[in-house]
Amino acid sequence: MFEEPEWVEAAPAIVGLGAATAQVRPATAPPVKGRKRRHLLATLRALEAASLSQQTPSLPGSDSEEEEEVGRKKRHLQRPSLASVSKEVGKKRKGKCQKQAPSISDSEGKEIRRKCHRQAPPLGGVSAGEEKGKRKCQEYSSLHLTQPLDSVDQTVHNSRTSTATIDPSKPSPESMSPNSSHTLSRKQWRNRQKNKRRHKNKFRPLQTPEQAPPKASIEETEVPPVPKSDSQESRAGALRARMTQRLDGARFRYLNEQLYSGPSSAARRLFQEDPEAFLLYHRGFQRQVKKWPLHPVDRIAKDLRQKPASLVVADFGCGDCRLASSVRNPVHCFDLASLDPRVTVCDMAQVPLEDESVDVAVFCLSLMGTNIRDFLEEANRVLKTGGLLKVAEVSSRFEDIRTFLGAVTKLGFKIIYKDLTNSHFFLFDFEKTGPPRVGPKAQLSGLKLQPCLYKRR
């Protein structure tokens, strides 16, 4: 006679839907976001609370009376949890949310309730067909409702877990573990296993130093590291070597300046007072010449090897007797200090040789000092007429090569060969024509060469 209100039939359907979906979905659902979703949630909870207070009639689409009785028992068990949830959430927003409840047509609502009640699970478990029906029901309801019922499922599940601690007669989710494994899809199960492997060691307790595996035995077998003292000593040794090299370089530059800025007699006295100074100077000199593309002594030795081995050679400023070791000729070696037993220590302006006793006189990078004229006159004295004078000198020392050659010819020589192609030194060959043509008081400005000074690097 009187039509029952719409919410009487809609409430049990929604309750059944919540019960069905609560067992399918996992326990952890994403939180409800948005104002409209919160309004819909509050409306649904209010409808559930109102429906539980009345006697729900049996639907005409049920299979048997036993299923109706099982549904009543299940709703009776869920009554305190749903009531508590509705009291907590629905009191503040009940009136406001009822105004914004979504409208569903009568035909759509009846069809949803019919499908959900037909697929209500028994208490014993959930079969595969019933599970399939639940999924269809969820998909159909999600198409017509603006808000999915994830939040409802989460609240129902939380209320069940809270009542499960109070009511021991209700089976816990852990006791339904055999059936819960079937509710996961293959992709969900795979993701769960992956997360387990990923977080395997995340919550493992930290090991105390006593529980840590012993490493002392491994370290004892290894080679002990180099002590700090040795490394410090090696650094100190390297520093000392660097400082010694710098000091040697500074002293070499000082000695080189003294040799070029004074007469040969002063240089001889210097090396007589400090014999180690000549060794230091010679090491520095060899270090500088080693960087040259060609050593001038090697070039002179190559020229002498093409001449007869019977020619007597006088090497003025021989150093370490490199020329005497490179040729077969008899060589008289003269220098300010001795680095070899074959060296005769003397002033190159006064060598202990007879007049016209040698065939070749060599000045290889040895025209040092301010008395170069004395060296060349001494070479003219000991050379035979027609003898060969070979001069090799640093190219940067010559300001005007023509004036230098003119001054040498006035001392009784004539130029027969010159090589200006080398970037580091010039090579000249002179032949003795006779005694000097100028007196000892004559000025020969062309014989003045620039001092070869080394810059600090």
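Yeah, the Cβs are placed from backbone N, Cα and C, and that goes for glycine too.
Under the heading region 'Disordered', Swiss-Prot lists 47-237.
Residues annotated as compositional bias 'Polar residues' in Swiss-Prot: 51-61 (among others).
Residues or ranges marked as phosphoserine in Swiss-Prot: SER62 (among others).
The feature phosphoserine is assigned by Swiss-Prot to SER64 (among others), with a large-scale study or a structure entry given as support.
Per Swiss-Prot, phosphoserine is recorded for SER105 (among others), and the stated evidence type is similarity to another entry.
According to Swiss-Prot, the compositional bias 'Basic and acidic residues' annotation covers 129-138.
The annotation compositional bias 'Polar residues' is assigned in Swiss-Prot to 139-183 (among others).
Residues annotated as phosphoserine in Swiss-Prot: SER172 (among others).
The annotation phosphoserine is assigned in Swiss-Prot to SER177 (among others) on the grounds of a large-scale study or a structure entry.
Swiss-Prot lists 184-203 with the feature compositional bias 'Basic residues'.
According to Swiss-Prot, the feature S-adenosyl-L-methionine binding site maps to HIS282, GLY317, ASP335, ASP347, MET348, CYS364, an assignment based on similarity to another entry. In the three-state DSSP reading, MET348 (S-adenosyl-L-methionine binding site) counts as coil.
Break the compositional bias 'Basic residues' (184-203) down by DSSP state and the numbers are 13 helix, 0 strand, 7 coil. The binding-site residues considered are ASP335, ASP347; of these, ASP347 has the fewest other C-beta atoms within 10 angstroms of its C-beta.
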